[in-house]
């Protein structure tokens, strides 16, 4: 496969081409994807030998190159650094549909790297990278049960659209990414504007039709350039040892799993495992370490199989709940006295404390990635400390999981956030997971709803989230509501659904089997709605509406509208004027290009003072108006009076009084307050004032009046002609 080969098709009205054989030829498989003007190279490499251990070491990287959009990276080094949140989320998005399609027991390391070379804003590099990852794997010698494909789906005026453009996405009420094989769906990620379960299911199935077409397209590529798959040594337990361990643990594991409380159950299961491991240690076998590792793996599989059998056949969950039963709920608001809003949400042994912070709009987050520069005024961050599951270990920066869960919560709550005009604040939510036994991301959504209501944020409606699970044995399946950690770990699906009472706002699905049918998806969505409404009822019983007043410690923001041409007057030369206002009042000021002014401070009196100053600066003088101002400067020809902040006018000496004034100081002194009338604003904007126009003209007594000389008008005479 040394010569370049190109395969083309149409994708959402744009040309899609896959080029193989020219680039990255030393990788196990590589493909250059051209979608419109978007270009992404994906390379897949698989190690020849398996790694020790009982896990599959798959790594997916998505690398954004700033040159792809004609930008130079910021910062001192001027080169790409750690992945952006968007790149991290994209890597997770690609990993999730690919991982289930490697064989059970696959232990060879696989690394997939997608590098973005060029970006057309209307042709998603994320979807190109997902397709490229599948192509790179299916044409390589790495055993992989693909192909897969992914598409974005939108809905505009009730009509579904594949890979919507930026303009279309802004009008869409669904933002869905769906991935899968020709036969089934195995990954869903969605945000929505309170859409129904039926509409979301139709969007998923609409996307799957396009996925089928892309999988057929990849089959053509496989037939032309696909390599023969290599033989891989899969991790398989020794049948005799497996039977021996099963016999030793029979009955004991079942009883341990049925222990309802999490910590007690974990201890009981650990006791069973430890007892059996100790029995093998006592045998003093030659290859003891290898045998003990295999026994531990077999015990893990026995635990998994027994939990799945209890749920599927006996309909018994580890904690004794029914399959559609929600764990006990409790919640509280206002726990933290100095924060702007807080909410504690507990569901069984999962607990999240969410905190809401309000800030001026200037504290938004600037997003400068491969798209156009934008800013976010709403953020949700998720933290998962190890003490939440009773473990120790180093505390590191947020990883892929924490970034992903934070983004899911943000997507779920985004639709209910009030507009900038309604609520001119930057809103940051932080969810601290204090206990975890499954569904912590959904607990963070519930806690965040409580925190915003406690902070007085006028959200459109409360949002709740629930995680659904699945245990599928052959054709028999059981859907679980509100899964706990063990059911998530050993189950076949983690299906998170968040929304209001009127519809879905976010959806995320990961599965460990090949895919799901429409029937299972439909039932899971219906069961999730029942659980969501139950949780919403609990949340609104704790706090039913936003608090009428913001916290005393939250900034109070007042909005003022001025003419855009007056912005320069408020800012002043070099920012002198606006900085003077900030220094005098201690407020924070943001001015938009349309003339909207946001003034923020915890002290309302200072807010009002700043508004008064700005109103003075932008006030326009009108002829005939009367003002009271201070004398700021005196010259021989008159006095300059400050009418209001930033606006002076001249009272000419002849306009000080009706009688003749010898010196200005005879009437006015520096700092005097004087009432004046505007008599003229000239073409240069200079203001002329009069004091005497407001004074009554004094009448002289009859005896004091001097007789006026009679005015005589003389006729004009001709000058004598010169001779």
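In case you wondered, yes, glycine gets a Cβ from its N, Cα and C as well.
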From 660-691, 692-723, the residue range that Swiss-Prot assigns the feature region 'Disordered': 692-723
Number of other Cβ atoms within 10 Å of the Cβ of residue 494 (Mg(2+) binding site) across all protein chains: 21
Residue distribution over DSSP helix, strand and coil in the domain 'KH' (555-614): 32 helix, 16 strand, 12 coil
Averaged pLDDT score, the domain 'KH' (555-614): 92
Residue 494 (Mg(2+) binding site) in three-state DSSP notation: strand
Residue 488 (Mg(2+) binding site), number of other Cβ atoms within 10 Å: 17
Residues of the domain 'S1 motif' (624-692) by DSSP state, where helix covers H, G and I: 7 helix, 36 strand, 26 coil
